[in-house]
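Visitor: Just dropping this structure here.
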Amino acid sequence: MFKQKTIGFFEVAGFRWMVPVVKLAFWEDPKEQSRQLGNLLGLPLLAIALFLFFWAAGAAQVDTSLGKLPGPSAVLDAGKTLYAEHKEERAKEAAFYERQEKRHAKKLERNPDAELKWRNYTGNATFIDQIFTSLKTVFTGFLLASVIAVPVGIACGLSPGLNTAISPIIQILKPVSPLAWLPIVTMVVSAVYISDDPLFAKSFVNSAITVTLCCMWPTLINTAVGVANIDKDLINVGRVIRLGWITRVRKIAIPAALPMIFTGLRISLGIGWMVLIAAEMLAQNPGLGKFVWDEFQNGSSQSLARIMFAVVTIGFIGFVLDWLMLTLQKLISHEDVKS
Amino acid sequence: MNPYVDLSHLTMEFPTPKGPFCALDKVNLKIQKGEFISLIGHSGCGKSTVLNIIAGLYQATKGAVVLEGKEVNEPGPERAVVFQNHSLFPWLTAYENIEIAVKQVFKGQKSKAEIRDWVMHNLTLAHMEHAAHKYPAELSGGMKQRIGIARALAMEPKVLLMDEPFGALDALTRAHLQDSLMEIQTELNNTVVMITHDVDEAVLLSDRIVMMTNGPAATIGEVLDIDLERPRDRLTLASDAHYNEYRAAVLRFLHQKHSNPAQKKSDSKPKDKSEGSDNALGQAA
């Protein structure tokens, strides 16, 4: 049924306020649905409006060395400017390549054997570029962390001995701040990652590894707990039908622990995103963190508004990442969603 | 005639911090092919331990289980188990839950088409062919247990082991499943060992009821032959004098001769020990 499917889709996707909208569209119990819509959508909107009001009112009272603290409208304007700058930079880039293209064409006309020098455009990284750099870095670090944490977690869950053995190491490494890791990571990467034509920039490797070190623990711990607490009867079914050891891990342990693994991955990605901004700021690695730091150092009258826009963007991206993982988690879990 | 299944001198001790705890003491039982045996007794009397030893999930401290002349020392599909809480894989459909067992047990013996037919045949046997593509979370408790039984039957076990298969179900659903099980028994004539708490269920389904004494060191107290004609019908039997005699005999054993240890308040020592047995089982499981 179309209606049921649409409602199911919005429930899995976490847009619960869309459910009354769909029901209203089918004119099903409009009174009750309007009330629900008022609750699910109206209350958050009211809270946001109040928040913006207090922000605007409060910000006007604060005088900084860079002028008044920007209110919501100033921040929105800063956002528009950032987007305009991005457009402008792209136009410059296109123009640069066009000129290069023409220059080379002329050269070849004169002498078909001429040696051509292709140069890359070296303009400033815009705000949008920084967003994509940050996303690329966080996913690289997160992926690396998952590749390590999931297998180690499964091994720990299967073997109580191994779990006891490495648990203290995990407990000690887990609470270390990314700012403490960063100098070590930087030195180690400089020493180990030597190449004339590096595939990745060192700064990128530094931030990604810092993210890995900080965000692998929740996945590792959750995976271990998930695997260790599988219903013993399910394992016994595997023994009765004589599944081999590897098949038992693959077909029973991993699927049974998958909801827990995803809970861990979700927490990990959240931590990774928080850690990344801090790491970029401190290490001057490209990304949103560097953007914030540069603006702070820049200290123009626009800087505060631009930083605030970056803060809102960072929060929003974090929210989207969490929503992505939550939706994935709901899709793979049979126990709660499909009932 | 040699028995089909022979339990001889089964003794089970679980290690505890206070020293070994003796859960079972010299259990002897011979089961013929095609016999339906019920094990009945109070909680903590070691019924599940007996079943788990036959399944090969536990190793007896002393004594042995011999099936068709071969000693049992590991789990296997010829001794399929129906667990109390259905134990279906929640991430697989009903069909896939049976298929995973069939594929493993008949590896290299059945073609793809044969596997499909065999899975569907067993689903039909349990009256669950309509739910083949549903996930366990979409099914009721009774339906899940039907799939659990279908999965065990699909392994073509020599002995079907059932650990309180209907214990978690409401009375009406339980009656439906008992009827289905009797229907399946008429068709397949399996050898079955079933654990139960339910006196009516035991008398209705069994050829013999094995009554166990209370732990620690539980053993077989009495064995009652149920000489009622098959097919049995619960309504006719309700007013049948023989049926009621058998029922009364089991009740007498459970509530007069070996009353529930948890209810004896004056004598605290056996109570403590029986709780210890629960712990020991919990650790070993």
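Glycine residues also receive a Cβ, built from the backbone N, Cα and C atoms like all the rest.
In case it's useful when we look at the structure, here is the feature table from TrEMBL:
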type	residues	note
DOMAIN	A:131-325	domain 'ABC transmembrane type-1'
TRANSMEM	A:38-57	transmembrane segment
TRANSMEM	A:138-158	transmembrane segment
TRANSMEM	A:179-195	transmembrane segment
TRANSMEM	A:207-231	transmembrane segment
TRANSMEM	A:252-283	transmembrane segment
TRANSMEM	A:303-324	transmembrane segment
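Describe each of these features in terms of where it is and what it packs against.
Guide: With a cut-off of 8 Å between Cβ atoms, the residues of this chain six or more beyond the transmembrane segment (A:138-158) that come close are 166-167, 204, 207-213, 215-217, 219-228, 249, 253-254, 257, 261, 264-265, 268-269, 272-273, 276, 321.
Taking Cβ pairs closer than 8 Å, the transmembrane segment (A:179-195) reaches residues 202, 205-206, 209-210, 213-214, 278-279, 282-283 in its own chain, all 6 or more past its ends.
Under 8 Å from some Cβ of the transmembrane segment (A:207-231) lie the Cβ atoms of residues 137-138, 140-142, 144-146, 148-150, 152-154, 156-158, 160, 163, 170, 173-174, 176-178, 181-182, 185, 189, 200, 252-254, 256-261, 263-265, 267-269, 271-272, 275-276, 279-280, 283, 285, 287, all in the same chain and six or more residues away from its ends.
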Visitor: So which residues does the transmembrane segment (A:303-324) touch in its own chain, when a touch means Cβ under 8 Å and the partner is 6 or more beyond its ends?
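Guide: Same-chain contacts beyond the flanks: 14, 64, 66-67, 69-70, 74-79, 81-82, 127, 131, 134-135, 138, 266, 269-270, 273-274, 277, 288, 291-292, 295-296.
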